[in-house]
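Reviewing the structure listed below.
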Amino acid sequence: MDKFTTLTGIAAPMPLVNIDTDMIIPKQFLKTIKRSGLGVNLFDEMRYDRDGNEIADFVLNQPAYRQTQILVAGDNFGCGSSREHAPWALLDFGIRCVISTSFADIFFNNCFKNGILPIALPQEAVDILMEDARKGANARMTVDLENQTVSTSDGQEFHFDIDPFRKHCLQNGLDDIGLTIEKASSIQSYEDQMAQARPWI
Amino acid sequence: MTNIAAARTLYDKIWDAHVVDQSEDGTCLLYIDRHLVHEVTSPQAFEGLRMAGRKVHAPDRTIAVPDHNVPTTLDRQKGIDNEESRIQIDALDHNAREFGVHYYPVNDIRQGIVHIVGPEQGWTLPGMTVVCGDSHTATHGAFGALAHGIGTSEVEHVLATQTLIQKKSKNMKVEITGRLAPGVTAKDVVLAIIGHTGTAGGTGYVIEYCGEAIRGLSMEGRMTICNMAIEGGARAGLIAPDETTFDYAKGRPHAPKGAQWEAALNWWRTLYSDADAHWDKVVTLRAEDIAPTVTWGTSPEDALPITAVVPAPESFSDGKIDAARRSLDYMGLTAGTKLTDIAIDAVFIGSCTNGRIEDLRAAADVLRGRKLADGVRGMVVPGSGLVRAQAEEEGLDLIFKEAGFEWRLAGCSMCLGMNPDQLVPGERCAATSNRNFEGRQGYKGRTHLMSPAMAAAAGVAGHLVDIREFTVQPA
């Protein structure tokens, strides 16, 4: 997993609320057995017509937003299915950060496993960032994970909260499984204890 | 920090019983009792294990079954036409055998939707932790098990370590007081709850459903409720186990037997929320206020009593105004239209929400001696091979076929259309599934969520109907 430290890039506005994982990556792209290559199908049904032509007014199809690295979205981003294909598609497109007022729980977890930073901020802050994102390619937002800030192109700064453990893992690109395997003896002793206490499990 | 001595909720008790390790910041390593696996969210996880030279830590606690991509047509044994679907199912077959986990292949009669197979086979039991790379894992909460969906990276983590790194959610109580009126089912209750709390209302919480109306539900109904906890944004839904739960579990292939059953029962009887336990949020609805409920839009929170009209976007606030406008456009509906005036083209009865035997019985009771309206197509997809066999033993298949429905083999089918079971653009469906998202059942397909009886009745009438004004003929 790539480390996340600071990111300065183009932010795209997607003010729609309840953007679900079926919108982010529709079911027909879940048949892959790989993690890569999904970026071209990110937001597929909003981005292309039935014949595969780009829909010109969709934000990521506009010239200013083709290099988007940050999404600013409406409430409850990522609701619906547990498909990790959603963050895989975002990452493959080049998006490393999503900003919203709220995120669906499983999507939020999945982001951290892939080096994507989901940032939850109050409505007023998201409104300002959404306006900044509307300025297009000339406006670059900056996300600083160490200092936990997002800055608009004209320097307005917002502080965000993040779980310290998750921050540490993102900053260092750490693999959860490796960390857990260090606790193998605790797992073994839990299993030994349960074999006595609740053997039917 | 968890204080074991204090009054606890059911969630607190299950959580405490599974903590392997706790860091100072409250992050826990939680032990996972059952890991369910299907073909869509697992190939990359097994590949990750292989690349790292790791094994499945507890193959005996891991249960694999293909469900999303499987064809439901009767010629299933001829194989799968779609190459990608076939590769994904072959990958599961290969991985299940290589890593030695429990496995129900496509042609096993026990095959079905993973959330129907788990309970049916007695894998899901009270007090357990159950995970699966699938958001509808919430279903298993009906047993008083802590059950939730995870992503593929977490699937790999559980395969490798049988644990998950977790932070505890908050406790929310949703109480349904009183008794449900005739014609009102578990599906109506959960749609009404989501209509009330919104799709993000449960975010950050584990919900325990309780109250007289919940206690009165069968296990099938309780599974319908917990299944859709995720549509309300909750990490998990729970219902405290009771005699209904124990009766359901007893004698299932993987349920404990003899002295072990008694020992299990002793523990299960302690699994309830203490009277003075702390709740971070409480929602109370009166059962008598809940009518048969349907969705009109493209989010499960767009739920209204069948007696209502399609709402005007301006009746909402903030970002929901634009979302409602977009929904009405997508759904091809006009504000002010009576919900009972919405004509349908298709009926889908099935899914992990409503693909169990009780659901098929409810639909058959409506369809007995009746036929689908002209121009309406219908599909009944049992949740498992065993549900299908049971229905055939009861003669339900004949009722469906005589009514003009296709009687299919088990799988996820048109709930999400990863196999060929899909709506065509513009087609409008009365569906017993769980999501009415744009494109969910097929590109530009239009979904109205409702109970099995309501979906069957809509098929007969050719438009959405109030089941209370529809004569039902039980066997």
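Including glycine, each Cβ sits where the backbone N, Cα and C put it.
TrEMBL names B:CYS412, B:CYS415 for binding [4Fe-4S] cluster. Of B:CYS352, B:CYS429, the residue it gives for the same site is B:CYS352. For the [4Fe-4S] cluster site, the Cβ centre of B:CYS352, B:CYS412, B:CYS415 serves as reference, and the other residues of the chain with Cβ at most 8 Å from it are B:ASP67, B:HIS68, B:ILE113, B:HIS115, B:HIS136, B:GLY350, B:SER351, B:THR353, B:GLY355, B:GLY383, B:GLY411, B:SER413, B:LEU416, B:SER433, B:ASN434.
For the binding-site residues shown (B:CYS412, B:CYS415), fewest C-beta neighbours within 10 angstroms: B:CYS415. Residues near B:CYS352 ([4Fe-4S] cluster binding site) in space but far in sequence (CB under 8 A, at least 6 apart, same chain), listed by position: B:ILE113, B:VAL114, B:HIS115, B:ILE116, B:HIS136, B:THR139, B:ASN227, B:GLY383, B:CYS412, B:CYS415, B:ASN434.
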